[in-house]
Amino acid sequence: MGDIQDLQKEAVKKIDDSRIEELESLLNNSSMKISKADENGMTLLHNAAYRGNADICRLLIDRGANVNSNEHVYGYSPLMFAAIGGHLKAANVLLEAGANVNQVNSVGRTASQMAAFVGQHAVVSLINNYVPKEELEYFTKKQGFEKEPKLEKKLINPLHSYIRQTNINPVHLVIKLRSHLELIKNGKQILTVLQLLCEREMKKNDANEMLALKYHYFYVLLNHVLTAMAKDSKTENKSDKWELNCFETIIKKWIKGRDSDSFPIGLETFLRQTIRDFPYRDSALFIQLVRTLSTVEIGDEPSALTILSQTVNGQKGFDDLSENNLTALSWRRLHLSRAKLKASSRTSALLSGFAMVAMVEVQLDEHSKVPPTLLIAFSVCTTLLVSVHMLALMISTCILPNVEAVASVHGLTSVNESPHDRLHSYIEIAWTFSTVFGIFLFLLEIAIICWVKFYDIESGQKAALAATVLLIPIVVIFIAFAIHFYRSLVTHKYEWSVNSLKELELMVSQFPKEQSPAHRESINAVGDVGGPSVIVV
């Protein structure tokens, strides 16, 4: 047992020193267990991924290392170590070996989310844009009554390399196409596969709209190149440099700037039209992109390329200060305001109606012995009750349609059009009048009505007194419930905030104590990795 542990420790030292040949000799030892974990659950592949040595990662995987090992004490996979260290090559090797991008650690975070947490956005983009080759291999086999498969096997590698690009600048992608002319020569096959991939992503139960948009973008770009080349082939003699000239012509049209400020109008127009041609018009992502672009003049920032790049390479992290999360909080406030307005309008309409009916039903004549003070109290209470609820109803009726109109739109940025934040004080007034004052006045109205209604009846005063006495504990219960409810609500929000901070502290404390300079700089804003965790807010 001791010999095995010594071998493991020696292998880890070889990994730390990047001595791949000496490590390979150790792996040839029959006593070496390649997927054995140490006391912290770290396998050799974990260590290699943490060090970012892609060659050693590949060697260990070839020798049978488990790429999805979950024995780590905090549930970290090798991919997570490569991700938080910003090791692109190592992460790429792990992905190609079948690393599970959806595997979570002890705090429920994926490798992509952990990378976003420490600012390794290049790795986030790599993981989010990764497409397994198996998805392309599906099209190389005949399906159903097909006579021929949709994709030739020789096209898998170039197509896989092409769709995994994280730099989606059209100029860059055209240059990549120029280095993979087989994609151009078999353009019809590639277009069919890209179209089917886009459709598949949108029809999944958990639709990946970002990836579908990327497939659509590649489809349009390739189709644009093929159309331009087909047009040029009819007008030009096909020399050895004909294809090269076609690519250069396309690029020149895109990057040609306008006279006033050299802004590439051709590129901007192409990208905007590409987004508009996205076939799934009900997609929330499509609606968001169109709404965003419609507010930006051509030549202003953000450009279509900036917006498209940020969308396709979107960071699936959990930065609580990110714009997306702030937008989500705005949507939460909108829905809460809408719910309050609906509750206020229904409650006020119901209780004010009861008050009016009660007033009409009370029948008094000149022989009534009801004291004037009681009549005054009845009229004042009824007037206040109806007025308070009518005010709440008026506020709800005026504001609710504007909030509902925005809530029915699926674009994320549309929340800014809602007046719920600006009119927050009025919404709270309606809520308070309808619930606090309105219900209290309604209970008081019940007691007064009992006195007015039963005062002239024999033993009626005793009945009214009984009702009044009974209402006292009811009012106390109402007040106690209101206090308990709001205290519980405040406590819940406080505990949720504390738990969120503890979760962040736990994640920081789980990071390895030794870090690369880039990794250490990315974590400094969150806390001290080596010592007690400190969250900087």
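Every residue gets a Cβ built from N, Cα and C, even glycine.
Per TrEMBL, the features are as follows:
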- 40-72: repeat 'ANK' (REPEAT)
- 74-106: repeat 'ANK' (REPEAT)
- 374-395: transmembrane segment (TRANSMEM)
- 429-452: transmembrane segment (TRANSMEM)
- 464-486: transmembrane segment (TRANSMEM)
DSSP residue counts for the repeat 'ANK' (74-106), split into helix, strand and coil: 16 helix, 0 strand, 17 coil
Summary of DSSP states over the repeat 'ANK' (40-72), given as helix, strand and coil counts: 17 helix, 0 strand, 16 coil
Close approaches to the transmembrane segment (374-395) from elsewhere in its chain (Cβ under 8 angstroms; 6 or more beyond its ends): 341, 344-345, 347-349, 351-352, 355-356, 358-359, 362, 364, 426-427, 429-431, 433-434, 437-438, 441-442, 444-445, 448-449, 451-452, 455
